[in-house]
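Here is what Swiss-Prot says about this protein:
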ACT_SITE  13  active site
BINDING   97, 98, 99, 100, 101, 102, 103, 104, 105, 106, 107  ATP binding site
ACT_SITE  139  active site
């Protein structure tokens, strides 16, 4: 029997600006941030199973194969909401580092929602998929859409803006994991530097690359740097090597640099390879997903 298969890409995201406005009554934090997709992606193969079960496969030992996996949760949500009696095997080929502040797990969940919508002929719109994504995790709605957007609420309210000018994004991740809950737990909003998110929207919409580089900011940086000084050292090293702008993504520990010129990108990339285990040079993507 030929089983239906589908391949789906799950691109990573970076935060060009991330601010936390306060704690909500539901326990989440109110955020205002700008996210954009980059050309670093996991690849998922979705294969229909005759048996009514969800199977997660991956060669990466850090990828859970049970309900802790957000792709599993996405498949389970669709099965329960729409009474799907088929099963699915989800093979995740990881390229995005795990627990890195790049929304790898959220993007896998979003890719699963988009892919199963097609595989199971559910006929949902991308807005409906994004709404379902919000039930799984705060970044999943954005990852369903991709592109470049302002995210508010707990991160699930999405407003699209223009794509920033094309450039290189150099990523460096130290060999540590950072607990997002711990970072938010240690955040003191009156003791941190708040970025100007509105100004970032203006310079992105104006296509002002220098303005973007001058305006990047992440309110969580100081907290993560205090907990993990090696993250601050990577940022300092990337600045020293000459990146146009350097920032930690999400709650860390990945640090990214924006670089316009190819020759400088190669120099920074090679310099960081001797300093940090996981280094990537990719393009800023910023393209929105479509449902084929």
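Glycine too: its Cβ is placed from the backbone N, Cα and C atoms.
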Additional residues surrounding ATP, by Cβ distance to the 97, 98, 99, 100, 101, 102, 103, 104, 105, 106, 107 centre under 8 Å: 12, 96, 250
Which of 97, 101, all binding-site residues, has a Cβ with the fewest other Cβ atoms inside 10 Å: 97
Whole-number Å value for how far residue 139 (active site) lies from residue 13 (active site) (Cα to Cα): 9
Pairwise CA distance, residue 97 (ATP binding site) versus residue 139 (active site), rounded so that it is a whole Å: 16
Residue 139 (active site): nearby binding-site residues from 99, 103, 105, 107, Cα cut-off 10 Å: 103, 105, 107
Densest Cβ neighbourhood among 99, 103 (binding-site residues), 10 Å radius: 103
Three-state secondary structure, residue 13 (active site) (per DSSP): strand
